[in-house]
Structures are given as C-alpha cells and as structure tokens.
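Structure record follows, encoded as structure tokens.
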Amino acid sequence: FNKFGKARLYYEMSLEEQDQLFESTKKNVLPTITQMNLKYAISAKNRARTVAGVSILSTMTNRQFHQKILKSIVNTRNAPVVIGTTKFYGGWDNMLRNLIQGVEDPILMGWDYPKCDRAMPNLLRITASLVLARKHTNCCTWSERIYRLYNECAQVLSETVLATGGIYVKPGGTSSGDATTAYANSVFNIIQATSANVARLLSVITRDIVYDDIKSLQYELYQQVYRRVNFDPAFVEKFYSYLCKNFSLMIFADDGVVCYNNTLAKQGLVADISGFREILYYQNNVYMADSKCWVEPDLEKGPHEF
C-alpha cells in the first residue's frame, strides 16, 4: 500500500503528465508548503537538528530542471566536487592522491561551516541556483528560465513553512530537504574558497610579491574585479589553473579539504585558514571557532575529518 510513501501520487502520474507539470512551472509559480521536522538521530552532541521536507511537486520539478548538470557532477571523476565518487575500491586513496598531486610544499586544511544551511546568504543561494542552471541556454527561453528561478526561490529560499502547527515564512537559507541541497552547498563552498583567494591575493602589497607571473596575475585580477564590467573568460581559466596548482580543493556539500602551497600562503598569495575566517565573517556573518577547523602539515596523517 505505502510503497512510495507520500510520493505515491507523483509516481502514479504518467510521464506525459509529469512533463506537463514541469512545463507549467516555466510559466507559473507553484504554491507549496515545506514541513519542518525534528531529525531523529543518535548523536553524541546534545542538540536537536531540523530537516525541511520540501513538497514533492517542488522536488521533482527542480530535479527535472537540473538533472543534466546534477548527473554530470555525479558521473565526473577527479573533479573538485566529489559527490557521486565512491570511497570504496581505492576511491578514497584516489581522491586524496588527486588532491595532493602537483601542489608544491603541500599542507592540508579543512573546515566546517557553523550553521551552514541557516547562515547562507540569500544572494549566494540564488547564485548557486544560477550556476547550476547555466547550461540551459539552448533549450529554454529567458522567461521560462526566470520562472524556474522564481519557483526555486519560492520553494527553497523563502517558502511557507509548517512547523509545529504554525505557518511561517522562512527568511532564507537552504532547505535541507531540497533536491539540490548538496549541489548548491558545493557551489557555495567553491564560491567561498574562490572569494577567500581573491581577497587574499588583492590584499598583498604588489612590491612584496617576488614572483613576476603572480605579480601580473594580481594586476589582471585587480583589473577584472574593480575596472571591468564584463569579465574575461580567458583570465578566469588562468586564475582557475593557478588555484588548481596552489590551492587544490576536494568538496562534498559543505565539507571541504584543501591542499595548499604553504610557501605561497606565508606570503599571502593563496588563502590559509585565517583568510577563510575573514571571508566567513563578512560574507556569511558567522564566526568560525578553532574547534571547527584543522590544519595538518604531515601528509602521511591525511585529513582529520571529511
């Protein structure tokens, strides 16, 4: 009887009906309600967590819209986002080797975002939606895409929440039960890491930089950030390869491990843990305590937690 749980209604729809529903979300905003539930788990920590159960209509239409990019994230190996990669059959070893390779004078560090789902700024959650939807250039018109964004914001960002008998409007942040939560958190994580590096590199006094290539990179970055209206894709590739070489990332939702070049970090050319703290403080409004982050100079020991 209950073989699909509460989702039974959706799964009994034919594929044509599912497509019709999806098409209607490109012209209308579906009104849905999200239910807040207390998470039931055995934990050493003395605290309650909540899980937001997003409506099946919202979940399925969002997944249908983002399906291509989500599948490509899941099926791509040796990329910064490791969602979908197995840790068995040598997968974990492979991920760590891939993280460390090519980085000179490597040091590992990791962090944990305090109150990640609750503290995420609305603008960054919207940005994550836009980044995930960036491939929809040929298949949808602009108005269809903007309605998809409206739907996603109405159902994930500031939707109506049913909590213990009262109905509230959520002020923002991520819904933990949304279909794209893990992916959006990963995008957010990459944005924070990149922001930390951009801020750190721009804050260095140019005459103190001993490497000429990094000096010119800093100048170009300054031009891109402060002088230009439209960014230069070639520079984005250049900066990306600089980060890959000196600030290698491994990301799973809001967890992350970084292998960075310690020589450059001491000169302030790539971000270290203090750079992360600063970015979190002014971009996420949370303070990251010592207990939330770790740095490990000895690669033999590996990451502390991931």
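Counting begins at 1 with the first residue displayed.
Backbone N, Cα and C define each Cβ position, glycine as well.
According to Swiss-Prot, the feature domain 'Nsp12 RNA-dependent RNA polymerase' maps to 1-306, an assignment based on sequence analysis.
Per Swiss-Prot, the feature region 'RdRp Fingers N-ter' maps to 1-75; the stated evidence is sequence analysis.
For the region 'RdRp Palm N-ter' (76-114), same-chain residues at least 6 beyond its ends with a Cβ under 8 Å from one of its own Cβ atoms are 182-183, 186, 190, 244-246, 248-263, 265, 272-273, 276, 280, 284, 286-289, 292-297, 299, 302-306. Look at Swiss-Prot and you will find 76-114 tagged as region 'RdRp Palm N-ter', backed by sequence analysis.
What Swiss-Prot records for 106-268 is domain 'RdRp catalytic', and it gives sequence analysis as the kind of evidence.
Here Swiss-Prot flags 115-173 as region 'RdRp Fingers C-ter', drawing on sequence analysis.
Assigned with DSSP, the residues of the region 'RdRp Palm C-ter' (174-306) fall into helix, strand and coil as follows: 74 helix, 16 strand, 43 coil. Feature annotation from Swiss-Prot assigns region 'RdRp Palm C-ter' to 174-306.
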